[in-house]
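Peer 1: As annotated by Swiss-Prot, active site, proton donor applies to Glu354. Summarising the annotation, Swiss-Prot assigns active site to His385, Lys505.
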Amino acid sequence: MPTDLQAWNALRQHHDVVRETPMQQWFAEAGAAQRVDAFSLEASGLYLDYSKNRITGETLALLMKLAEEAGVPARRDAMFAGEHINATEDRAALHVALRALPDAPFKVDGASVMPAIHDVLRRMREFAGRVRSGVWTGSTGQGITDIVNIGIGGSDLGPRMVCRALAHLADPRGPRVHFVSNVDGTELAETLQRLDPARTLAIVCSKTFTTLETMANACSMRDWFLRHGVAENQLARHFVAVSTNRDAVVDFGIDPNNMFEFWDWIGGRFSLWSSVGLSIALAVGFDAFEDLLLGARAMDDHFRTAPLAQNMPVVMAMLGIWYRNFHDMPTSCMAPYSTSLELFPAFLQQLEMESNGKSVQLDGRPVDADTAPVVWGTAGTNGQHAYFQMIHQGSQIVPVDFVAPLVPPRELPGHHVKLLANCFAQAEALMRGRSAEELQAAGVDAARIPHMVFEGNRPSNMLLMENLTPHVLGALIALYEHRTFVQGIVWNINSFDQWGVELGKILARPIEAELSGNATEAHDASTAALIARARRSLARS
């Protein structure tokens with residue numbers, strides 16, 4: 001039990017002391033500059049200022065002691081060693097191998113995984129080059145202008161986020177990459193109506209090649225090709241697969257030579273580094289994809305070797321533990337001050353909440369501490385005009401991670417100065433607040449003062465990068481992967497399974513049959529009434 005650890009109980013007592021001192025007091029003291037130096041880190045092209053947190057040097061020391069007692073170093077080493085740390089599925093969780101050098105000593109069950117990984121990477125490079133250069137053609141001999149990635153969850157969120165983040169690197173001449181994930185037919189229909197079937201390529205991305213949403217969309221897209229004149233024997237020019245299930249790929253009609261494999265020791269939310277990232281290589285080129293891997297590898301090396309107190313993923317993870325478990329803060333906000341990173345919060349939602357949204361420990365007993373916070377956010381400055389009111393003055397305190405590139409894009413560089421000014425100002429305002437005395441001195445009407453007071457003392461991290469490059473983006477993603485893993489270790493849960501998504505899938509099958517025909521199943525009264533209402537509407541449609 002995490003709460004049985006000595007450091008956990010020491011942190012409880014320490015919290016009772018620290019909560020009496022607001023951050024404003026620490027920043028008003030003579031050693032404020034030293035505080036910033038002490039509570040900042042640089043790694044893999046990222047700079048972290050975590051001085052605007054409710055911590056002292058003693059807090060940090062106790063948090064690092066908790067990480068030690070919880071077994072973070074040992075579990076980290078077990079992951080890199082390829083041990084079956086995904087205990088409930090009896091698998092390794094070796095996504096770090098996907099971005100490692102060919103001679104890296106990564107093994108699963110005693111066998112090196114590196115030759116297979118780098119063979120797939122070689123094939124991805126060749127394929128991306130052929131498509132992007134126009135050598136790969138559709139059924140009419142024309143080059144590919146549009147690519148549709150069909151997947152869901154980890155087969156969609158990661159590649160979609162990266163393609164959006166690196167869109168400034170895409171060749172304006174194409175190919176353009178589109179993403180379809182939802183089984184709601186509107187998404188696929190609206191995507192396809194803009195495309196030329198003769199010049200479109202579909203990537204069907206599913207580990208098992210049985211995922212309901214993905215296969216429904218893939219079948220509908222195959223029908224779309226056939227309706228628009230692509231012959232059955234030419235479909236192979238318009239489909240490739242990313243999967244572990246060769247037989248299902250062949251049964252669907254995709255040439256097995258156009259299948260890019262990955263492995264069951266890669267979790268979906270950790271898979272963008274594998275052939276699941278084929279859409280990235282097609283969108284921005286394989287060299288950029290390779291740079292993404294290099295950045296992640298740099299963060300892997302930092303995570304594996306840096307002392308805990310200088311280890312960026314560990315420090316960020318333990319700050320999250322501090323707020324979730326000792327300050328009872330149930331949510332956290334990701335605020336990237338970069339439109340390019342606007343999908344990063346959605347990516348983190350899956351990464352953190354699917355990984356650590358668990359209530360059972362590794363030994364099957366209930367967790368005796370709160371686990372994953374609700375993760376939310378949008379790109380700045382949009383968030384300032386939506387939910388920042390609550391973050392500044394609401395009754396719940398929300399820790400915020402700000403992320404910002406320092407160097408402006410070539411277009412409208414003056415806008416970037418305004419963007420950074422707002423980013424830094426929000427973090428300062430959260431920490432500093434505004435007192436009734438300040439407002440009174442400024443001549444504010446007495447009746448308004450209570451409504452304009454900012455308590456301050458609200459925590460945030462600031463993550464900065466020079467430019468949003470593939471290398472730095474890779475490091476940023478890997479940082480949050482490892483942060484998530486470390487928190488799972490402390491909570492003594494398995495961050496690499498997702499059994500919570502299974503029951504809904506099982507129950508959906510008979511309900512689909514009921515909605516489509518006359519079958520009936522036993523349901524609670526509410527669900528039965530919903531099905532009956534839907535059947536009446538469907539019958540009229």
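Quick reminder: no glycine exception, Cβ is built from N, Cα and C everywhere.
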Peer 1: What kind of secondary structure is Lys505 (active site) part of, going by DSSP in three states?
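Peer 2: The residue in question, Lys505 (active site), is helix (DSSP, three-state).
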Peer 1: In angstrom units, rounded to an integer, how far apart are the Cα atoms of His385 (active site) and Glu354 (active site, proton donor)?
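Peer 2: Given the Cα positions, His385 (active site) is 29 Å from Glu354 (active site, proton donor).
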Peer 1: Do any residues at least six apart in sequence from the residue listed as 'active site, proton donor', in the same chain, have a Cβ closer than 8 Å to its Cβ, and if so which, in order?
Peer 2: Gly153, Arg269, Gln498, Gly500, Val501
Peer 1: Around Lys505 (active site), how many other CB atoms lie within 10 A of its CB?
Peer 2: 10
Peer 1: Among all the protein chains here, how many other CB atoms are within 10 A of the CB of His385 (active site)?
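Peer 2: So the number of other Cβ atoms within 10 Å of His385 (active site) is 9.
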